[in-house]
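K.L.:
Right, I'll just put the structure down here and ask away after.
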Amino acid sequence: MADTASKYAVKLRPNFDNPKWVNRHKFMFNFLDINGDGKITLDEIVSKASDDICAKLGATPEQTKRHQDAVEAFFKKIGMDYGKEVEFPAFVDGWKELANYDLKLWSQNKKSLIRDWGEAVFDIFDKDGSGSISLDEWKAYGRISGICSSDEDAEKTFKHCDLDNSGKLDVDEMTRQHLGFWYTLDPNADGLYGNFVP
């Protein structure tokens, strides 16, 4: 694994038994369960990521492939695969495995799966190649992905992630806050998606 040279790489501890952590992942499971049958598949997630989000963001075929590879690796670590239906208990157990795996890499300043995904996303919406994204670029992604459908929620996310107060977001800041939000319940990452995700 490559060194990320992250200035935010510190040991973070998960809190898997906290009902808030479980509810956060239940919300995401339901968000991903497009047809509401209580099961999700990697097919559904990749279709949303590639056919919907990447296409609407104007990703090139190379960017879409890189993004799809990152999404596949991330969700396969949770235990998902093509054609395999996963119910919530297995999904949340898979998140625990993923969190432990990624947090260990993060504490060693090595590239995690969430960082790979973040880099793939940044490559798509960092249109000017500056290595950072603006609030407007983040708002566009939030609307297209559905994760920050209101400007207010997108602005809250942006503020939470702008750790160096530069008015721009880089992938290192986004990775740190997403680790804190999805993996550990770090209070510094609470409200990452505004009022949309608990």
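Here the Cβ of each residue, glycine as well, is placed from N, Cα and C on the backbone.
Checked Swiss-Prot, it gives:
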DOMAIN    20-55  domain 'EF-hand 1'
BINDING   D33, N35, D37, K39, E44  Ca(2+) 1 binding site
DOMAIN    60-95  domain 'EF-hand 2'
DOMAIN    119-148  domain 'EF-hand 3'
BINDING   D126, D128, S130, S132, E137  Ca(2+) 2 binding site
DOMAIN    149-184  domain 'EF-hand 4'
BINDING   D162, D164, S166, K168, E173  Ca(2+) 3 binding site
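Structural setting of the listed features?
P.N.:
Remote same-chain partners of the domain 'EF-hand 1' (20-55), defined as residues 6 or more beyond its termini with a Cβ less than 8 Å from a stretch Cβ, comprise 14, 63-64, 67-68, 71-72, 75-76, 80-88, 91-92, 95, 124, 141, 144-147, 181-182, 185, 197-198.
K39 (Ca(2+) 1 binding site) falls outside any helix or strand according to DSSP and counts as coil.
Sorting each residue of the domain 'EF-hand 2' (60-95) by its DSSP state yields 26 helix, 1 strand, 9 coil.
Per-class residue totals from DSSP over the domain 'EF-hand 3' (119-148), listed helix then strand then coil: 18 helix, 2 strand, 10 coil.
Around the Cβ of E137 (Ca(2+) 2 binding site), the number of neighbouring Cβ atoms within 10 Å comes to 20.
Applying DSSP to the domain 'EF-hand 4' (149-184) sorts its residues as follows: 25 helix, 2 strand, 9 coil.
Proximity of D162 (Ca(2+) 3 binding site) to non-local residues of its own chain (separation of 6 or more, Cβ distance below 8 Å) is seen for K168, L169, E173, given in sequence order.
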K.L.:
Hey, what's the Cβ neighbour count for D126 (Ca(2+) 2 binding site) at 10 Å?
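P.N.:
There are 19 of them.
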K.L.:
Taking the Cβ of each of the binding-site residues and counting other Cβ atoms inside 10 Å, which one has the highest number: N35, S130, S132, S166?
P.N.:
S132
K.L.:
For the binding-site residues listed here, D33, D164, E173, which shows the highest count of neighbouring CB atoms within 10 A?
P.N.:
E173
